[in-house]
């Protein structure tokens with residue numbers, strides 16, 4: 001954007017921060033995708049040669065040294081029996097805080113699949129930039145449990161959202177592309193794209209392809225009498241298809257398009273377009289033009305997973321018209337559809353994807369122009385979103401606004417030929433640039 005004066009201020013501030021100290025309990029997942037990812041991305045963007053760099057060299061190098069300092073400070077989270085990271089840590093005491101989950105009467109020390117599997121991109125990049133292989137080894141050790149799941153998931157490649165940090169075994173079978181497992185799947189193909197020559201990433205690619213093929217076969221579903229729509233169902237804890245999907249799963253369209261383009265797989269590209277179009281439908285059919293948090297549908301037998309909806313005339317009427325019905329009508333500033341529309345535009349060159357993101361931008365301005373800018377809303381089908389929620393997530397600024405900006409920037413601005421994005425929209429330079437699939 002050419003805002004070099006603001007970047008200068010930010011660099012000075014970042015250099016002054018002690019990232020090894022915090023008075024709050026620190027969440028590993030958030031630290032990794034937001035702080036560590038942001039520091040590495042800022043370093044890559046400035047050093048890439050793609051943008052003006054009038055900055056003091058010491059301040060730029062401080063980005064990398066601060067990233068290493070932060071990753072070192074939080075490294076005790078890996079001190080578990082398996083090396084799967086604990087969820088949180090107290091920086092003041094150095095104590096890791098173990099999460100627990102009880103399933104069928106048994107209590108486990110647990111970690112989230114997305115948390116354990118959404119660091120390999122950041123940790124690979126950090127090792128490559130610093131020469132310290134310990135970060136890569138932490139990521140590889142944890143990832144190994146995820147791509148070799150035990151017990152076997154309900155469907156191949158569709159692992160559940162919780163693991164036992166003591167044994168590395170799956171605790172639940174609630175697979176899919178939804179929250180809790182989403183960015184693990186996302187990073188499988190992205191890490192391969194980042195460094196296809198690494199000796200482990202071929203396994204990541206294989207598992208991503210297994211997940212994609214299993215999704216096509218088992219959970220890429222069309223609602224009753226609506227073959228034009230394709231949703232990716234999540235599974236319940238026992239591995240049963242729920243015929244429901246959260247907004248997080250809308251990232252899948254962009255991920256499929258990215259992988260399909262890189263691998264030259266028209267079939268995967270086709271699925272990516274179908275899923276992305278269906279996510280647009282969720283936005284295009286509400287009063288506000290914004291999508292709900294969770295939707296469900298009636299399956300090919302005209303039945304819902306939750307039996308209470310089978311006799312609900314309101315949801316039946318809505319589903320007959322739109323193909324789905326709303327389970328959670330709130331809107332929480334979700335970036336995933338916007339992200340997928342951006343990938344679709346960059347990869348296909350079709351400007352209708354720009355139009356879709358412009359529609360969302362206008363909807364955000366219309367809905368949020370009342371009373372409290374940026375506030376989340378309670379009901380996408382109520383005028384102006386119903387009640388305002390006194391909260392805005394950081395990803396609204398990190399992802400929503402950046403993906404919207406990039407949708408209308410020139411395609412060579414942070415080109416997909418040269419960069420791969422982490423799950424928080426922080427771009428990293430690829431080790432191996434690949435020309436030809438960024439329009």
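Cβ from N, Cα, C; glycine included.
What TrEMBL says about this one:
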BINDING   423  Ca(2+) binding site
DISULFID  250-279  disulfide bond
Legend entry - Rounded Cα separation (Å) that holds between residue 279 (disulfide bond) and residue 423 (Ca(2+) binding site): 18
Inset, instruction - Measure from the Cβ of residue 279 (disulfide bond) and count the other Cβ atoms within 10 Å, all protein chains considered. - result: 31
Legend entry - Coarse DSSP state, helix versus strand versus coil, of residue 279 (disulfide bond): helix
Legend entry - Cβ neighbour count within 10 Å of residue 250 (disulfide bond): 29
Inset, instruction - Count the other Cβ atoms sitting within 10 Å of the Cβ of residue 423 (Ca(2+) binding site), across every protein chain shown. - result: 26
Inset, instruction - According to DSSP, folded down to helix, strand and coil, what is residue 250 (disulfide bond)? - result: helix
Legend entry - residue 250 (disulfide bond) versus the residue listed as 'Ca(2+) binding site' - Cα distance in angstrom: 13
